[in-house]
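Engineer: Provided herewith is a single structure, encoded as structure tokens, for subsequent inquiry.
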Amino acid sequence: MVGMICLRACSGLVGFRTALSLRSLHSFPGITVAQIDEEVAKLLELKARLGGDDGKHQFVLKTAKGTRDYNPKQMAIREKVFNTIISCFKRHGAETIDTPVFELKETLTGKYGEDSKLIYDLKDQGGELLSLRYDLTVPFARYLAMNKITNIKRYHIAKVYRRDNPAMTRGRYREFYQCDFDIAGQYDAMIPDAECLKIVYEILSQLDLGDFRIKVNDRRILDGMFAVCGVPDDKFRTICSTVDKLDKMPWEDVKKEMVNEKGLSEEAADQIGEYVSMQGGMDLAERLLQDQKMSQSKQACAGLSDIKLLFSYLQLFQVTDKVSCVIVVFDLSLARGLDYYTGIIYEAVLSQAGVAPVSTEAQNGPPGEESVSVGSVAGGGRYDGLVGMFDPKGRKVPCVGVSIGIERIFSIMEQKASAEKVRTTEVQVMVASAQKNLLEERLKLVTELWNAGIKAEVMYKKNPKLLSQLQHCEESGIPLVAILGEQELKDGVVKLRVVATREEVDICRADLIEEVRRRTSDAS
């Protein structure tokens, strides 16, 4: 009886919620729509547990907040992007590793600054306090320290987890892939750093996402800037986290947070504002080395000298102007809020040309159905002290790396491919029959093709109609059909049909494999 009352209450309240939020809130100023939604969600959950009106348990068929499924077309696009990225990593001599999806909680604690609140903690599992990995960098540093590795060039592609507020159409999720490339070891300044930026340049250019800019800065420059502007030492990291919001908030709001929430003096905030508005290239670094205030900071000068060196290497790596657009920009507003960065930092951002803005309402819609708007698509930097935090003797291993924001790239690629026909299989040839009772012959032929490494398939029917088999090829994008008939079997040939042109030619059975290889290699 109680269950039936709850079920009816749920049904009534769901319908009542809209009316209440639109008309009755004026009468109840203390009640918010969010509170109503929360109570409705609790009752719906209770209804699901008690079962529906027929007494059966009712499941809510949905993915968890901040996650999504991927259909075959989306997966085909993802695989293409992954292949592009992996081939670039391998071209630069990287090897790959893997680490567990969860780590000891203490491994991740204190490494991410204000973002630490986004870490997913797991329940106590037999005495170990565990958390899902937040990124791939901290597990990599733990791996180096644990295995006493002092130099490696590695890439790692895996899922990470963040208890963030998801914006699905902006490529922002709670579960998502990261594609990391890192160089660990003691090397001469800025050579590995410049190669990381070269890799970003190659990947974004090859994926053809449109115009992009790579913003660079240095944590030593930021810390020096904070020092000469009068920021207390104990506020460096928290002010850095606030500066990191400049790509999402106007300066006035950032300044307000610094002064009102972080307790910084207005004079110090104004001085920071003058510096973070500066952008340029090697010329800006030279100018700041002569700046009356910045020249007083040794660590800022060291960072500025390395920025100059970085730009000189980027010119040699041909990471230069692209269609009259400056690709790499020295931007003093770039902060990157993670605590473990110690030197050069960088971030790649797509220009808004060709990337449509998305409305607030659209952000709550299904993925792939609205315009895509993205920010950063790659980021990274130098973290020379992170490995030493895990080493029992505090031995440091200098590291620099980059992470490709793969989910945001997928969002753009999916939108671009929404009107295109994307092949979801790689089948080269379909083995078909023109008459009945030829199943055994079809199975023999498809086996010959499989054994030769040819990607082939056959319909799972004893006597399929030829038209159905040909239509399947057209719908699936299969380029060739190997047709068997009684006359072909007598003559020892196979009729090979090109699906696109409908051209047909008789091929000797012994020559079929080479002919399929030749025709499919020409097409690719």
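Just so you know, glycine gets a Cβ as well, placed from its N, Cα and C.
According to TrEMBL, the feature domain 'Aminoacyl-transfer RNA synthetases class-II family profile' maps to 37-432. Among the features that TrEMBL reports, L-histidine binding site is placed at ASP135, LEU136, THR137, ARG162, GLN178, ASP182, ARG336, TYR340, TYR341.
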Engineer: Looking at the domain 'Aminoacyl-transfer RNA synthetases class-II family profile' (37-432) alone, can you tell me the average pLDDT?
Structural biologist: 86
Engineer: What is the biggest Cα to Cα gap, in Å, among ASP135, LEU136, THR137, ARG162, GLN178, ASP182, ARG336, TYR340, TYR341, the residues listed as binding L-histidine?
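Structural biologist: Answer in Å: the longest Cα-Cα distance is 21.
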Engineer: If you count Cβ atoms within 10 Å of the Cβ of THR137 (L-histidine binding site), leaving out that atom itself, what do you get?
Structural biologist: 26
Engineer: Which ones in the same chain are close to ARG336 (L-histidine binding site), with CB under 8 Å and 6+ residues apart in sequence?
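Structural biologist: Expected: ASP244, ILE345, GLU347, GLY379, GLY381.
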Engineer: Taking every protein chain in this structure into account, which of the binding-site residues ASP135, GLN178, TYR341 has the most other Cβ atoms within 10 Å of its Cβ?
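Structural biologist: The most densely surrounded of these binding-site residues is TYR341.
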